[in-house]
Amino acid sequence: MSVDIRPTPPAQDSARQNVTLQIVSVVMFTFIGYLTIGIPLAVLPGYVHDDLGYGSVLAGLVISLQYLATLLARPYAGRVIDGLGPKRAVLYGMAGSAASGLFMLLSVAIQGWPALSLASLLVGRLVLGAAESLVGSAAIGWGIGRVGAPHTAKVISWNGIASYGAIALGAPLGVLLVQWLGLWSMGASIVLLGALGFALAWPKLPAPLVHGERLPFHHVLGRVTPHGMGLALGAIGFGTIATFITLYYASRGWANAVLCLSAFGGCFIGARLLFANSINRLGGFRVAIICLGVESLGLLLLWSAPNPWVGLAGAALTGFGFSLVFPAFGVEAVNLVPASNRGAALGAYSLFVDLSLGITGPLVGFVANLFGFRSMFLFACLASLGGLALAVALHRRSRRPG
């Protein structure tokens with residue numbers, strides 16, 4: 001007589017809730033870290049252009065410099081995560097976020113000397129970019145260390161919800177803080193958030209260090225490059241909407257472009273909450289193929305939209321499709337390296353989304369100058385289809401024996 005020892009559905013529900021709580025308790029550091037990124041996002045260009053009196057090029061440089069710093073710091077972040085542990089990396093990142101807030105406070109204090117004020121601001125942006133490279137990847141590594149590798153997709157999905165949600169909340173929060181309290185409140189809030197994150201991380205139990213061979217970063221980068229390229233091609237659609245949707249709507253004489261950003265963000269988060277487990281069931285490549293197909297359809301709707309409501313539907317579909325592209329390719333990428341190199345793999349893989357978002361603005365802007373604003377979304381659709389084709393090729397390669 002056999003005895004069924006499988007857990008009952010309530011026990012399974014309890015186990016799932018426990019895993020989710022453990023993940024959320026760690027990815028909250030990503031939320032705090034990205035909140036420090038979102039708060040100055042909508043304020044700094046105006047501060048540099050209007051208050052310090054510099055041109056639009058420098059105003060844009062202040063924003064993009066942070067992404068460049070994140071890109072360059074990825075290899076170092078991977079070494080810290082793998083060598084010292086994710087908790088230590090989070091602590092370093094939170095300290096860096098607080099330090100960047102101090103540089104922003106200094107910039108406001110010496111506003112009467114525009115060159116010095118700008119220099120202080122630029123240093124702060126570099127420090128914040130380096131801090132971002134530590135916190136985001138470390139939170140994923142910490143979460144996987146706590147709940148186990150089988151839940152990698154769920155950890156990455158929740159981490160993405162935390163990062164995108166924090167930026168969406170931080171940007172309007174920064175505007176309100178400056179309107180109510182003045183420019184100093186922007187730097188002060190970042191200092192306080194960094195200190196809060198440090199204080200919350202300090203007493204938490206670290207994830208156990210995984211011992212083993214540490215591969216050189218360029219070896220890890222070579223292994224994850226095909227997956228990163230698929231991610232980069234998919235991210236062009238997101239970058240195009242985030243950067244140019246307001247100009248596109250204005251060129252068509254349509255109002256309420258901000259609704260597209262809300263629809264994109266809402267569907268992005270909703271899909272991650274509802275379908276994160278599909279990666280474990282179907283595999284990363286299958287999910288990437290489906291998601292990039294949906295994203296391509298959304299971008300095609302934006303390109304061909306006869307009215308703003310079709311454009312809104314296109315933005316929603318694009319957000320829904322892009323939602324699982326990062327974790328879908330990411331799960332397959334992380335599986336290519338030993339567990340002792342997980343941090344390096346996450347850093348190398350994330351580098352591609354930094355690169356994609358960094359070049360999307362000028363590249364898609366060039367396309368718009370040549371062919372008009374509508375053409376941007378056709379270009380992004382073709383890029384997404386390129387990512388889909390790459391996912392199909394990787395899936396076929398993974399099924400070959402040996």
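Residue 1 is the first one shown; counting continues down the chain.
Keep in mind that glycine also has a Cβ here, set from the backbone N, Cα and C atoms.
Lifted from Swiss-Prot, the feature list:
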- 23-43: transmembrane segment (TRANSMEM)
- 52-72: transmembrane segment (TRANSMEM)
- 90-110: transmembrane segment (TRANSMEM)
- 121-141: transmembrane segment (TRANSMEM)
- 158-178: transmembrane segment (TRANSMEM)
- 180-200: transmembrane segment (TRANSMEM)
- 228-248: transmembrane segment (TRANSMEM)
- 255-275: transmembrane segment (TRANSMEM)
- 282-302: transmembrane segment (TRANSMEM)
- 309-329: transmembrane segment (TRANSMEM)
- 351-371: transmembrane segment (TRANSMEM)
- 375-395: transmembrane segment (TRANSMEM)
Message: Taking contact to mean 3 or more CB pairs closer than 8 A (sequence separation of 6 or more), are the transmembrane segment (180-200) and the transmembrane segment (23-43) in contact?
response: yes
Task: Count, for each of 52-72, 90-110, 158-178, 228-248, 309-329, the Cβ pairs lying under 8 Å from the transmembrane segment (23-43), and report the range with the highest count.
output: 158-178
Message: Restricting to CB pairs under 8 Å, which listed stretch, 90-110, 309-329, 351-371, 375-395, is in contact most with the transmembrane segment (158-178)?
response: 309-329
- prompt: Any contact between the transmembrane segment (375-395) and the transmembrane segment (255-275), i.e. 3 or more CB pairs below 8 Å with pairs at least 6 residues apart?
  reply: no
Sequence-remote partners of the transmembrane segment (121-141) [C-beta within less than 8 Å, at least six residues beyond its ends]: 26-27, 29-30, 32-34, 36-37, 44, 47-48, 61-63, 65-71, 73-74, 76-78, 80-81, 86-87, 89-90, 92-97, 99-104, 106-107, 155-156, 159, 162-163, 187, 190, 194, 197, 207, 342-343, 346-347, 350
Contact set, same chain, for the transmembrane segment (90-110): CB under 8 Å, 6 or more residues outside the stretch: 29, 32-33, 36, 40, 80, 116-118, 120-121, 123-125, 127-128, 130-135, 138-139, 142, 183-184, 186-195, 197-198, 201-202
